[in-house]
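Chemist: So TrEMBL lists these for the protein:
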type     : residues : note
REGION   : 22-44    : region 'Disordered'
REGION   : 114-148  : region 'Disordered'
DOMAIN   : 152-442  : domain 'CDC20/Fizzy WD40'
REPEAT   : 197-238  : repeat 'WD'
REPEAT   : 280-321  : repeat 'WD'
REPEAT   : 323-367  : repeat 'WD'
REPEAT   : 411-444  : repeat 'WD'
TRANSMEM : 452-470  : transmembrane segment
Amino acid sequence: MESSKKTRLNLPAGMETNLRLEPVPSINFTPPPKITSPSKTTYSDRFIPCRSSSRLQNFNLVDKPSPKKEGSNEAYLRLLRAEMFGTESCTGSPCSPVSPSKIFRYKTEHPSPASPLAGLGSGQDLGSNGLGEVSTPTKAPRKIPKTPHKVLDAPSLQDDFYLNLVDWSSQNLLAVGLGTSVYLWSASTSKVTKLCDLGSRDGVCAVQWTREGSYLAIGTGRGEVQIWDSTKCKKIRNFSGHQTRAGVLAWSSCILSSGSRDKNILQHDIRVPADFISQFAGHRSEVCGLKWSHDDRELASGGNDNQLLVWNQRSTQQPILRLTEHTAAVKAIAWSPHQHGLLASGGGTADRCIRFWNTANGKILNSIDTGSQVCNLAWCKNANELVSTHGYSQNQIMVWKYPSMAKLATLTGHSYRVLYLATSPDGQTIVTGAGDETLRFWNIFPTAKTSVRFYFLSYLLLLFLLLLFCKDFNENCTILHLDR
């Protein structure tokens, strides 16, 4: 044993006899006592509480066998337990059956009406695939100013239901018939120009701009229809043919239609020397409403005989539609710019209704009782909305959402019937006129929305042009380098 120990030390010669190794006494180390935990828990770098081992009784979140207390504090605790932990933590209390998995999750089932918070943040069921989506908040309604932003005096503006004395051109000029004269007001510069005076033996009954906005048609009390150049303040044409006043006018691209108290509608073409090229005879009383469709294919006419007629250029003898549901004079007529063949019409005092028609089959789509005489209708070109002006008995202006016909605003200010209506070229502002001899300007319609598709196509076109430019530039640089 000793020889084997010496060989293990590998001592130099001569030191083996001098070195004496003492045995080291053994030390017994007692291991630390093992501490046993009631449950094995794995910890990480975040503290995530485990509700199964939490002492909820310390926070007063578990019911105790103590008697119940009626009050707002106990109701709040019951509601909090129901929404956070579900029914299992609500033993003995009337909690709602709300699953704890509903928190921060798309809801695929219909919420229980028993839970006060069941509908918050939940989506609608989309079908059997079980996929749901979070419901977006309801868009707040657009705020429409209740007062006009501008009021102009209009002396001698007549209070006559059958006249049409206000129109707004595409060049931002407002034409107004006041007594025997026609005045032009520039919305850009507020400059007023007197266009003409018909004299003491005549009077202005209707004004209507061409779509380009350069020429103005004027219907007179003697049955004439005059065409004026607004830039030169010069009359360029005079049409006859009506026996009495021409109270309503309507332009298509090149045809001017005029309606009269003589019950007839005349078609005038400024390209031919004749006074009129055709005549529509279908009304049994004065014609007071006329509007061409946006594609110039159909002409709608309304009369004091309570009829709404629809014509085309081939139906010179009979209208293609005869709509007789109105029970009063039909002056208010408007074609929708958003849907082909959609026509809106409004009736007078005994009718008070706005009706919507499908001119493709002649069927009525909807009817709304407005409560007062409908004097004018106009669609918004920027949104699917329309405005109506009214007479007896409330003299109000109403803005509607189509097709729901939800009332967006009711505007008041005129003390007489709101007989005249025109829309600005940008489609956002309307002007109304009444027998109180005022013109009021209202901002009621939204701005035009440029579609995302338009921006995307514009971006692609710009990128394409940039690539062509870079290609030509590189080719020119290469040719220049070769020449050198």
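Placement of Cβ uses the backbone N, Cα and C atoms for every residue, glycine included.
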Chemist: Per-residue pLDDT averaged over the domain 'CDC20/Fizzy WD40' (152-442) comes to what?
Modeler: 96
Chemist: Count the residues of the repeat 'WD' (280-321) that DSSP assigns to helix (H, G, I), to strand (E, B) and to coil, and report the three numbers in that order.
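Modeler: DSSP classes over the repeat 'WD' (280-321) add up to 0 helix, 18 strand, 24 coil.
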Chemist: Against which stretches of its own chain does the repeat 'WD' (323-367) lie, if we need a Cβ under 8 Å and a gap of at least six residues from its ends?
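Modeler: Distant Cβ neighbours of the repeat 'WD' (323-367) are 161-162, 288-295, 298, 300-310, 373-379, 381, 384, 386, 388, 391-392, 400, 402-403, 405.
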Chemist: Which residue counts does DSSP give the repeat 'WD' (411-444) for helix, strand and coil?
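Modeler: Tallied per class, the repeat 'WD' (411-444) gives 0 helix, 19 strand, 15 coil.
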